[in-house]
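Swiss-Prot annotations:
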BINDING   His10, Arg48, Tyr116  substrate binding site
Amino acid sequence: MSGHPGLTTHVLDTARGKPAAGVRVQLCRVTGDTRTPVTEAVTNSDGRTDAPLIERGSLKQGTYELTFHVADYFKGFVAAADPPFLDVVTLRFTVGDTSGHYHVPLVMTPWSYSTYRGS
């Protein structure tokens, strides 16, 4: 998988049918009950972060959490509930093969979300 970054994300707002710009994303490494911050970013107009969350070669085996601050995003739209139903969405996942590319998208509406390991 030469040329691919280690860990990336993408946020899509399926209620509006477009990428979700301005979503704050935090990445932590999880060891037992301890969460160690790795990085924080905000999605751009394409719903992606400007840089990989972890570069290829720096990705380590272990458990990670991506936290998406979706309430702040949805507060900007009339169709969302007040207060928004979803506040933060936290995805916990495990990295086994550090030579691979881990793309962890969030597909969301104001009331639901899903994820998958993309390419």
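Cβ atoms are placed via backbone N, Cα and C, with glycine included.
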In sequence order, what residues of the same chain, 6+ apart, have a Cβ less than 8 Å from the Cβ of Arg48 (substrate binding site)? Thr8, Thr9, His10, Val11, Pro19
Highest CB neighbour count within 10 A among the binding-site residues His10, Tyr116? His10
Given the substrate site His10, Arg48, Tyr116, its other Cβ neighbours within 8 Å of the Cβ centroid, in chain order, are Thr8, Thr9, Val11, Leu12, Gly47, His103, Val104, Pro105, Leu106, Gly118
According to DSSP, which kind of secondary structure is Tyr116 (substrate binding site) found in, if we only use helix, strand and coil? coil
What's the longest C-alpha separation between any two of His10, Arg48, Tyr116, the listed substrate-binding residues, in angstrom? 15
